[in-house]
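Peer 1: Take this structure, written in structure tokens, and hold onto it; I'll ask about it next.
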Amino acid sequence: MNKALKALGVLTTFVMLIVLIGGALVTKTGSGQGCGRQWPLCHGRFFPELNPASIIEWSHRFASGISIILVLSLAFWSWRKITPIFRETTFLAIMSIIFLFLQALLGALAVVFGSNALIMALHFGISLISFASVLILTLLIFEADKSVRTLVKPLQIGKKMQFHMIGILIYSYIVVYTGAYVRHTESSLACPNVPLCSPLNNGLPTQFHEWVQMGHRAAALLLFVWIIVAAVHAITSYKDQKQIFWGWISCLIFITLQALSGIMIVYSELALGFALAHSFFIACLFGVLCYFLLLIARFRYESRQS
């Protein structure tokens, strides 16, 4: 496979990750209005004023603009080169373009017209899908280079494992929205203790922001336990299928790091590094879970053909 196409895939995936984390940086630093209510200009200028909020917001917009060029190029090139090898290519190329433009549109509308916490949470959720689409498209490019298709040999995925893969993917997306809602309602430090909320009221939440925070913690705890269950099933029953075995090991690592970074956000009183790490780990986890969905689609297709 063309080395330039591989390089483009890696670069595009990296830039999409930068855009995703950059959006979290804009939110964490309160830089959403760093360029005023103007888009694409920044206070009527192409280049930003030399203050942190304007530079952060402008940099996020610039990275988003670069990502549009890269994603369009990657989608078209991969569609031309690897569609004959992988039938999923066209779907992923279209997905990456559609969700990228939805992501950009929501961001622009939020700047110009203002937005609420629910809309901004939706913006982050769409950004995750956009990133995952590009990530999987890049994986396909590398897989297409395997002359014997060693990475995509026929799989055997039982109904129990399919349930875990699909269920955890859907549920993790819901948990992502609860986390984004925590961020956009400024509820990150509503509960100063872990795992309970505070010394008051036996550690239970008493007002809206505390309920938002504890609701996210409860949802995240269930996700953590569910991934442990799925990982144990993979370790005991899928040792010979590397994509599934190592995929769940990766998920277990990412969800553990995700939980630790979330705890450190509370104890560090919203340290920026931990907050950005929290966004990074969930992006990695979601990418692996989306790849599982691709494996299921392949398995079902090959089962119908046999």
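Quick reminder: no glycine exception, Cβ is built from N, Cα and C everywhere.
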Peer 1: Choosing among CYS197, CYS251, which residue does Swiss-Prot name as bonded to CYS191 by a disulfide?
Peer 2: CYS197
Peer 1: Taking CYS42 as one end of a disulfide recorded in Swiss-Prot, give the other end from among CYS35, CYS251.
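Peer 2: According to the record, the bonded cysteine is CYS35.
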Peer 1: Would Swiss-Prot put ARG300 and THR83 on one side of the membrane?
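Peer 2: Result: yes, THR83 and ARG300 share a side in Swiss-Prot.
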Peer 1: Between the transmembrane segment (52-78) and the transmembrane segment (160-185), are there at least three Cβ pairs closer than 8 Å, leaving out pairs fewer than 6 positions apart?
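Peer 2: These two segments do not touch.
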Peer 1: Tell me the coarse DSSP state (helix, strand, coil) of HIS123 (heme o binding site).
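Peer 2: For HIS123 (heme o binding site) - judged by DSSP and reduced to three states - the answer is helix.
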Peer 1: Cβ under 8 Å, sequence separation of at least 6 from the ends of the topological domain 'Cytoplasmic' (237-242): give me the contacting residues as numbers and ranges.
Peer 2: 155-156, 158, 161, 248
Peer 1: Below 8 Å between Cβ atoms, which of the listed ranges 89-113, 160-185, 211-236, 272-294 makes the most pairs with the transmembrane segment (3-25)?
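Peer 2: Counting Cβ pairs under 8 Å, the winner is 272-294.
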Peer 1: For CYS191 (disulfide bond), write down the residues of its own chain that are at least 6 apart in sequence and whose Cβ falls under 8 Å from its Cβ; none is a fine answer.
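Peer 2: Within the chain, CYS191 (disulfide bond) has Cβ neighbours under 8 Å at CYS197, SER198, PRO205, GLU210, GLN213, MET214, ARG217, VAL266.
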Peer 1: Is the topological domain 'Extracellular' (26-51) packed against any residues at least 6 beyond its ends, judged by a Cβ distance under 8 Å, and which are they?
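Peer 2: Result: 57-58, 60-61, 65, 108, 110-114, 120, 183-184, 270, 272, 275-276.
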Peer 1: Can you tell which of CYS35, CYS197 has the least company, meaning the fewest other C-beta atoms within 10 angstroms of its C-beta, among these disulfide-bonded residues?
Peer 2: CYS197
